[in-house]
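**Q** I'd like to ask some things about the structure below.
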Amino acid sequence: MGPGPRCAPGDPGWMLGALALMVAASGRFAFAFNLDTRFLVVKEAVNPGSLFGYSVALHRQTERQQRYLLLAGAPRDLSVADGYTNRTGAVYLCPLTALKDDCERMDISEKSDPDHHIIEDMWLGVTVASQGPAGRVLVCAHRYTQVLWSGMEDQRRMVGKCYVRGNDLQLDPGDDWQTYHNEMCNSNTDYLQTGMCQLGTSGGFTQNTVYFGAPGAYNWKGNSYMIQRKDWDLSEYSYKGSEDQGNLYIGYTVQVGSAVLHPTYITVVAGAPRHQHMGAVFLLSQESGGDLKRKQVLEGTQVGAYFGSAIALADLNNDGWQDLLVGAPYYFERKEEVGGAVYVFMNQAGTSFPDQPSLLLHGPSRSAFGISIASIGDINQDGFQDIAVGAPFEGLGKVYIYHSSSGGLLRQPQQIVHGDKLGLPGLSTFGYSLSGKMDVDDNSYPDLLVGSLSDHIVLLRARPVINILQRTLVARPAVLDPSLCTPTSCVQVELCFAYNQSAGNPSYRRNITLAYTLEADRDRRPPRLRFARSQSAVFHGFLSMPETHCQTLELLLMDNVRDKLRPIVIAMNYSLPLRMPDRLKLGMRSLDAYPVLNQAQALENHTEVHFQKECGPDNKCDSNLQMRAAFVSEQLQPLSRLQYSRDTKKLFLSINVTNTPSRERAGEDAHEALLTLEVPPALLLSSVRPSGTCQANETILCELGNPFKRNQRMELLIAFEVIGVTLHTRDLKAQLQLSTSSHQDNLQPMTLILQVDYTLQASLSLMTHRLQSFFGGTVMGEAGMKTVEDVGSPLKYEFQVSPVGDGLAALGTLVLGLEWPYEVTNGKWLLYPTEIIIHSNESWPCQPPGNLVNPLNLILSDPGDKPHSPQRRRRQLDPGGDQGSPPVTLAAAKKAKSETVLTCASGRARCVWLECPIPDTSNVTNVTVKARVWNSTFIEDYRDFDRVRVDGWATLFLRTSIPTINMENKTTWFSVDIDSELVEELPAEIELWLVLVAVSAGLLLLGLIIILLWKCGFFKRARTRALYEAKRQKAEMKSQPSETERLTDDY
């Protein structure tokens, strides 16, 4: 039967206009199953635009002739020419032929009588239903109108009308079913009663009942009617609900069946798509007195979804109770791109249905998914009822086929029939109406008739379904010893097939050919086996049946197989290749030659081949890999902390791996034993002992053995270059993971954490450790001093700090501290600091806390020497410790007669602590400390000493709150020798004549001495012969000259 009208009662164009706005756009895909789409029976309208296919039904005629017919309603078809009417609608009966235009109009004679009834545009064929094999046919026209006269004024009542015809689609006056008027609505009432009831909007048959929907009754509240016949008795039933509101459309669709709310009694299921604007389904039961009583109402969940516009009953899980499917074609979810829904309510053993659906099926956006629903029988003959759902506005229309199981309806469709892939010109809105549950080609599989709004109907026939039996796959031997392989075979595989038809037809013995594919070691690359015939790991073959057929294949072992623990999986999958026509073929060609494989069966099989291993009788290796690891020094001593400095180059990791038995584990061979190490970027793999064991990529992978045998031990020593440790590095983490293809489930990763102590390397140097200065003159008090020159002679120390390397930033600060001899024990000034300047990229003064530098705020100026008289001069001293030798003074040229030393350690001087932070820079930093000798103190307290030495200390240290960063303090001493001021007398000038006399006397004396030496022969030289003779005589006397003589022999 058809799903009922898709227009609002009383307005034939409302729904058509609304549906015209809906355009489908979906690309869903499902595996094609057993509804054939190549050999079709297609029928087209005689009169285009008649909505031929608006409603459809499959019918089996058994009277007068045996045949199957396709019934199609065309509610907008032209009327039979009578001179009074133009368009009444019609119902067509179509034979199962290859022709598209051989449908005949069903003879329903209704003469036009405008004074009593109006048949113009009565939508004959809005509902078409068949009672089943050898049953009758129901045809309705829900816009059939009665005319009432009140004086000269006529009143029209659109009560609707239904016609029952015999099995041969002819009127039999002797059949009470056909002659009964079926007028359930009273045309003498107005729309508030049943005067506009629109009977026949929906309707159908059971074996002893005919039922109708009348959604326009009672101000379009709606009603459902049922006529039941038992023997010669006839009973009429209608629903008289307590609802007082209109526009519910109860009866828009109606289904009747038993085993719904009672095992044997009938239950009427009526849709009301406008109930509370969200739709509802009423479940009504028979009561005495002809009433239908409401038992349960299932309500929709979304406004405007038209929940209840299509309904179907089917026992989905084979529990003996019919379940309920409800369509809501205008349901939508914008974000999810959903358009249309089908609610599935599972029967609770006849007591009721749950308020919430057990399953909610969705269609794509704007598809009107669920506008038609049909129970189509068991099309694949798996023992469970199947369902078809139309989505006419998805593309050119689609029909979704859902299978069911013991758990109910399956969520995913098993097949989607695409209207645009059928190759039918002019086809659209495919799936607008559906009818099934009848096998029209006698192949034991029910078929499906699909209607549309485009004047086409299409018969989809079910292909036979093949169950593959005895799909065995056996490998011999099951445990492979590679030493027993021959050049032609290592493993032998045997596969066998047999089949039957799912419908259980024993006469179906077609010769079919299965295509199969065998793949050795499917999950591994490269594979470990190959087929001898194909020289690869994949083999394609064919097997012909109907009898059980087997085939045997030989396989060979690949060279250099490493993995001998995991079994070799030999997988098989198979299919049924058929040469289907490339184009559409119309007609009733037998589909027995085009079976399909049962998609519910697994279309693959597999077997395993194990390697012979020393792993006990179960051939299962239970290893017991254990590991100990630690960071060690070059002397292989464990490290608890890494004392890192810039001189640190290497770090070592010691790893010990064993595979020994324990109480819990057998300690059998560990195949493909691997060690994976993940180390931080600061560590770079340098070397491994034993060499060649490990390889470094993103991680370090060490091959321990294949297999790593029982009771085997192994020690690895891995050396890393330390390249990336910074001041921010707190620790070094290494993660070690043992793995094996043998069975061992307790291999947990090990994490080693080595704390890092970062030792900074900085240096402190002093340009001149020991300065020289002086004191003398007169005593001057603090009040009389204006400039630093008034204090005394100047001093300047130049400290140099080398770069640390990595910048400290916020981690800490380098500080130069000075233990400065500030005053003597009696509180008098000693060395007065005037200025501290730091030189790096820029220069700036250092101001230690406590106002210790130039506390008297004396005026700073460059020191200079004052002129002295020609007879007396002060010793010139270098106050800044310039490069080169200090000038020689009288005090420095001779040892001081008396000297004293002032230090803070001895208690003879008091020191203060001066601190200057060193900038965080990579350049060398110079710190200049300027001071003045407090002249007055030395004149008053140390005039009795020729020299006073004052000592102090400078320390470079790190100040940080990070415990892992440290630096060894750098300390140096500085000193100054302060001499008392001395005056040296210059010698008196000598007369010139005395000089001339002295020179002349000297020359005369020299001349006398030369004459005397000449007279004595001092200037005469010896002869050469005498020299040689004497030398030769000497050589003769001493046969072996001494070493000294040898060295001096030529002189």
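Just so you know, glycine gets a Cβ as well, placed from its N, Cα and C.
Pulled these features from Swiss-Prot for this protein:
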{"type": "SIGNAL", "residues": "1-32", "note": "signal peptide"}
{"type": "DISULFID", "residues": "Cys94-Cys103", "note": "disulfide bond"}
{"type": "DISULFID", "residues": "Cys140-Cys162", "note": "disulfide bond"}
{"type": "DISULFID", "residues": "Cys185-Cys197", "note": "disulfide bond"}
{"type": "DISULFID", "residues": "Cys485-Cys490", "note": "disulfide bond"}
{"type": "DISULFID", "residues": "Cys496-Cys550", "note": "disulfide bond"}
{"type": "DISULFID", "residues": "Cys615-Cys621", "note": "disulfide bond"}
{"type": "DISULFID", "residues": "Cys694-Cys702", "note": "disulfide bond"}
{"type": "DISULFID", "residues": "Cys911-Cys916", "note": "disulfide bond"}
{"type": "MOTIF", "residues": "1017-1021", "note": "motif 'GFFKR motif'"}
{"type": "TOPO_DOM", "residues": "1020-1051", "note": "topological domain 'Cytoplasmic'"}
**Q** If you count other CB atoms within 10 A of each CB, which of Cys185, Cys550, Cys702 wins among these disulfide-bonded residues?
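**A** It comes out as Cys185.
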**Q** Any idea what the Cα distance is from Cys550 (disulfide bond) over to Cys490 (disulfide bond), rounded to a whole Å?
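**A** If we compare the Cα positions of Cys550 (disulfide bond) and Cys490 (disulfide bond), the gap is 20 Å.
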**Q** Taking just the CA atoms, what is the gap between Cys94 (disulfide bond) and Cys490 (disulfide bond) in Å?
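**A** It is 64 Å, counting Cα to Cα.
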**Q** Which whole-number mean pLDDT does the model give the topological domain 'Cytoplasmic' (1020-1051)?
**A** 47
**Q** Out of Cys185, Cys490, Cys911, which of these disulfide-bonded residues is nearest Cys103 (disulfide bond) by C-alpha distance?
**A** Cys185
**Q** With a 10 Å radius around each C-beta, find which of these disulfide-bonded residues (Cys103, Cys140, Cys162, Cys485, Cys621) has the fewest other C-beta atoms nearby.
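**A** Among the disulfide-bonded residues Cys103, Cys140, Cys162, Cys485, Cys621, the lowest count of other Cβ atoms within 10 Å belongs to Cys485.
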**Q** Rank the disulfide-bonded residues Cys94, Cys496, Cys911 by the number of other Cβ atoms within 10 Å of each Cβ, and give the residue at the low end.
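**A** Each of the disulfide-bonded residues Cys94, Cys496, Cys911 was scored by Cβ atoms within 10 Å; lowest is Cys496.
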**Q** Where does Cys140 (disulfide bond) sit in the DSSP three-state scheme?
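**A** The three-state answer is strand.
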**Q** Tell me the Cβ neighbour count for Cys197 (disulfide bond), meaning other Cβ atoms within 10 Å of its Cβ, over all protein chains shown.
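**A** Its Cβ shell of radius 10 Å holds 32 other Cβ atoms.
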**Q** Measuring Cα to Cα, how many Å separate Cys140 (disulfide bond) from Cys916 (disulfide bond)?
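**A** Each residue's Cα considered, Cys140 (disulfide bond) and Cys916 (disulfide bond) end up 108 Å apart.
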**Q** Taking the Cβ of Cys694 (disulfide bond) as centre, how many other Cβ atoms lie within 10 Å?
**A** 20
**Q** Counting only residues 6+ away in sequence within the same chain, which have a CB under 8 Å from the CB of Cys615 (disulfide bond)?
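**A** Same-chain residues close to Cys615 (disulfide bond) (Cβ under 8 Å, separated by 6 or more) are Cys621, Asp622, Glu668, Asp669, Ser742.
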**Q** Return the member of Cys490, Cys496, Cys702, Cys911, Cys916 nearest to Cys185 (disulfide bond) in space, with distance defined Cα to Cα and candidates limited to these disulfide-bonded residues.
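**A** Closest by Cα: Cys496.
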**Q** Write down the Cα-Cα distance for Cys694 (disulfide bond) and Cys911 (disulfide bond), rounded and given in Å.
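**A** So the alpha carbons of Cys911 (disulfide bond) and Cys694 (disulfide bond) sit roughly 62 Å from each other.
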**Q** If you draw a 10 Å sphere on the Cβ of Cys490 (disulfide bond), how many other Cβ atoms land inside?
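**A** There are 22 of them.
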